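Taking it in order: structure first as structure tokens, then the write-up.
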């Protein structure tokens, strides 16, 4: 079983992911979605957490061997990033969604040197907007952002476009395609549900029609 499949299985087992193709969720953006993901739940399950953190470490070593500092996005990327940095014996920092409105007005908390090679940790990629904003902030403060590594992606076309336009490499440990395949195999969804979930990936607006 691949890492992506193992993580997808764990996310379903611990109910970090809910699939309701016949009774969709409403995202903050207003999009009706057959999937809801809360990867913060993974922190409460040592087996799942260990699988994910070890997956992060191996992925970073394989794709970004020159990394010098790990950064987590506030707030979801912070605990994962701190664990990864500890496992890799690397410095850690975190990136706020916006600068503090008091004190030194920092957007990056922790010490990042000019030109230091950074990998940013995120828990979930939908469109990628927030983590790309974090990457831009890190670059403005002098970091050399090598890429983003995340637990899971919905594989939305908008995310691919956004990362391509930003020139930022994205690697994820698991993904939507893998998850719905595992969900069908393990009986979480019906054939009709799988069909709707596949349609959502292709067209987030008209998938119910």
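We number each residue from 1, going along the chain as drawn.
Using the three backbone atoms N, Cα and C, a Cβ is placed for every residue, glycine included.
Among the features that Swiss-Prot reports, 5-phospho-alpha-D-ribose 1-diphosphate binding site is placed at 96, 100, 102, 122, 123, 124, 125, 126, 127, 128, 129, 130, with the record citing sequence analysis. Cβ neighbour count for residue 96 (5-phospho-alpha-D-ribose 1-diphosphate binding site) (all protein chains, 10 Å cutoff from its Cβ): 15.
The feature orotate binding site is assigned by Swiss-Prot to 126. Long-range Cβ contacts of residue 126 (orotate binding site) within its own chain (separation 6+, distance under 8 Å): 27, 154, 156, 159.
Secondary structure at residue 127 (5-phospho-alpha-D-ribose 1-diphosphate binding site), taken from DSSP and collapsed to helix, strand or coil, is coil. Less than 8 angstroms from the CB of residue 123 (5-phospho-alpha-D-ribose 1-diphosphate binding site) sit 39, 40, 42, 76, 77, 80, 150, 151, 152, each of them six or more residues away in the same chain. Counting every protein chain shown, the Cβ of residue 127 (5-phospho-alpha-D-ribose 1-diphosphate binding site) has 18 other Cβ atoms within 10 Å. Around the Cβ of residue 125 (5-phospho-alpha-D-ribose 1-diphosphate binding site), a 10 Å sphere holds 26 further Cβ atoms from the protein chains shown.
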